[in-house]
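I have placed the structure first, in the form of structure tokens, so that the comments after it can refer back to it.
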Amino acid sequence: MASGGAVGERSSSPHRRLPDFLQSVNLKYVKLGYHYLITHLLTLLLLPLIAVVLLEAIQTDPDDVRQLWLHLQYNLVSVVSLSALLVFATTVYLLTRPRSVYLVDFSCYVPPPELKAPFREFMAHSKVCGFDDSALEFQRKILERSGLGEETYVPEAMHSIPPQPSMANARAEAEQVMFGALDNLFTSTGVNPKDIGILVVNCSLFNPTPSLSAMIINKYKLRGNIKSYNLGGMGCSAGVISVDLARELLQVHRATYAVVVSTENITQNWYFGNRKAMLIPNCLFRVGGAAVLLSNRASDKRRAKYELVHTVRTHRGADDRAFRCVFQEQDDTGKTGVSLSKDLMAIAGEALKINITTLGPLVLPISEQLLFFATLVLKKVFKLKIKPYIPDFKLAFEHFCIHAGGRAVIDELESNLQLEPIHVEASRMTLHRFGNTSSSSIWYELAYIEAKGRIRKGHRIWQIAFGSGFKCNSAVWKSLRNVKASVHNPWKDCIDRYPVVTVDQVLAGTN
């Protein structure tokens, strides 16, 4: 629940808006992006060289080849040197070549209907939980403008009167979500759980002993030498972090499956006090989780949906304001919750600006990069008072999965990145149907795009998420085929009803 995007109301206050990206861009982050590009430059330069060599070899006269062979027969030093050079070059290539990482499939958990929390029921339940009138009215206003619909879910413990936020109920929620997503994933892929070599689980606010990853290992009887990791306290961007960690591990371990499980736990993290900065998560966060199957096996490329192209991680934790803008603490009465700073949107904007400045050189066409670089030189070197050119990321990606942290986050990214309504449709509809499901929201969004039948072979997808700390992380995927919705797609029973016009959009239109 420690999200960097959990903002439900849009405000004209400068603290609650992302900064205008048409401002100064820090040159060191541009350099960082180009550093990533240069690290792959050797491969790019070798490909045309190899092509030229092959072309020359094809056009070589057979008599010349015969004369060369006769020469080498009587020149042992040349033969040994050439052989050593070939072995060295082949070894360097094999050792430095990154292994491709494929996304075979993923699954998002859909809770049972009895866990739905319509607004009226939510407010009625809040009235008996000890909130004062001011806190109740604040929650009502947040819900109205949140972008959430009437079919989001809260855990069973929160449906009880009074609520029962016990450890046992929190474990039950975690098991229900994680096992539900994993059961569907193993069914749809046909992968034997014992073939999983790497397991990465992320959940920000619920970290029991034994860990969530140990719960999964026990449930599915995973093998004893599995490489398992349990990430906690990393907020809503931890899903991308988990994918990045799995990618790094897949570079080391050959012919391996990796499973990433992203979830959040609400049962023990509901706030029962009256501080408004800590009430927003109650209104936005809902039950959800996703399980993702990754592979570095070449044989899996034929059936995989996507290939992981890039991950870019930005951490602003060295800045005190950024570090404390999403902060779990106790209020004056000793009740624990997650406090959201009024500077959250500005801090998120700074992290986003750094992240996309680094990502740009990796994904943008050369025409956009030249325009961006030219305006940057005019501003930095010649001190001209011009606004930097903000590249058109619609030229780099066909689909956008922006973390559904809140309506304000989606609105501001749509505006600052100059996106069209269809580019943020998946994010808005995910927020409406499932609420803010924390680190798993980007997978519900990708599932929405799949359910709409919009993904074609070669399409590029940008997943971007914010999290406490403060972090902004991106993952870039390339579609390997025309993707159809799976039988376990979370939108299968309602996709025909979407997109919808949300209540907050109607209210915004009347203001």
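Using the three backbone atoms N, Cα and C, a Cβ is placed for every residue, glycine included.
Those TrEMBL annotations? Automatic predictions, nothing curated.
Copied from TrEMBL, the annotated features are:
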- Cys236: active site (ACT_SITE)
- His315: active site (ACT_SITE)
- His399: active site (ACT_SITE)
- His403: active site (ACT_SITE)
- His432: active site (ACT_SITE)
- Asn436: active site (ACT_SITE)
- 93-381: domain 'FAE' (DOMAIN)
- 398-478: domain 'Beta-ketoacyl-[acyl-carrier-protein] synthase III C-terminal' (DOMAIN)
- 34-55: transmembrane segment (TRANSMEM)
- 76-95: transmembrane segment (TRANSMEM)
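Where TrEMBL records a feature, it is marked here on the structure.
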residue: Cys236; record: active site; CB count, 10 Å: 34
residue: His315; record: active site; CB count, 10 Å: 19
residue: His399; record: active site; CB count, 10 Å: 22
residue: His403; record: active site; CB count, 10 Å: 35
residue: His432; record: active site; CB count, 10 Å: 25
residue: Asn436; record: active site; CB count, 10 Å: 32
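On the 0 to 100 pLDDT scale, the domain 'FAE' (93-381) averages 94 in this prediction. His315 (active site) sits 13 Å from Cys236 (active site), taking the CA atoms of both as reference points. For the pair His403 (active site) and His432 (active site), the Cα-Cα distance reads 13 Å.
The active-site residues listed here (His399, His432, Asn436) include Asn436 as those with a Cα within 10 A of the Cα of Cys236 (active site).
Cα-Cα distance from His399 (active site) to His432 (active site): 19 Å (rounded to the nearest whole number). Across the domain 'Beta-ketoacyl-[acyl-carrier-protein] synthase III C-terminal' (398-478), DSSP assigns 37 helix, 21 strand, 23 coil.
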